[in-house]
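Written out below as structure tokens is the structure these notes cover.
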Amino acid sequence: MGKPLLFEILEKPVTSCIIGICSAIWLYIQKKNIGYSNVGLSYETAIEGHHWRIITSAFSHISVIHLVFNMSALWSLGVVEKLGHMGLGIEFYLHYTLVLVILSGVLVLGMYHVLIQRFKLEYFRRVTAVGYSCVVFGWMTILAVKQPSSKLDLFGFLSLPISFAPFESLIFTSIIVPQASFLGHLSGIVVGYSIAWGLIHGMTNYWALSMLGWVVVVFVFSLKRSGTFDFSFIEIENVTDPSLPSVGFLASGAGRTLQMSAIPLVGGELV
């Protein structure tokens, strides 16, 4: 007989909070009929200054199956919170969840940049990704290195050896769910290995809070600058010297004020 659910929640407080947040966001998205193009991350919107999408894309899910799959895997991976004796634990989990959210999103954009600029694959310019899978795959990878004897339980009946779970899941989701973002999942694995092997290390409460503070600042100002949300109490001054000559493009009509909804999307990916 397993432990009572309440006891499991108390043992995995951060995981439980993240699942609650993602579920609440999913309900809000469904209630307001918000599309993935409004919250997802794409190369095109990133270069337009919508940096806030790195955060919103990670915690947003469009379909209930997408949400359940990610949250089921995350619940199993929450065992990291109970491994303080191995140098993991709640503090480690909080610190590196933040790192995974930010760096996996940045790495995805970097991959898109190479594919677009180097290989001329324009398809990736407007591909929009949403979902928490980048972080899920990152924690799969960390746990595979730190505790290879663990199991990854999905939906309460499917169990995978954690040592093979990252790449098994990468192949499985790519075959079963064609819309699944291979690059998004791969970025989570790459960042996960970087953390597990110590290439990314040294996160303390000070650095985590500093990083979180900068994330909040960039999030708010990118929302303001992109015109997505009007923070009337924030003013962004133009630092251009009017005495200097400037070069610009003349935009006809309302070309400079197009919203995301007015841009046709090539496709969306679930991460």
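Note: Cβ is positioned from N, Cα and C throughout, glycine not excepted.
TrEMBL annotations:
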DOMAIN    49-200  domain 'Peptidase S54 rhomboid'
TRANSMEM  12-29  transmembrane segment
TRANSMEM  50-73  transmembrane segment
TRANSMEM  93-115  transmembrane segment
TRANSMEM  127-145  transmembrane segment
TRANSMEM  157-177  transmembrane segment
TRANSMEM  182-200  transmembrane segment
TRANSMEM  206-223  transmembrane segment
Same-chain residue ranges lying at least 6 outside the transmembrane segment (12-29) that approach it to Cβ under 8 Å: 39, 59-62, 64, 67, 70-71, 74-75, 77-79, 81-82, 90, 93-94, 97, 132
Paired segments the transmembrane segment (50-73) and the transmembrane segment (127-145) in contact, 3+ CB pairs under 8 A: yes
For the domain 'Peptidase S54 rhomboid' (49-200), the mean pLDDT of the predicted model: 92
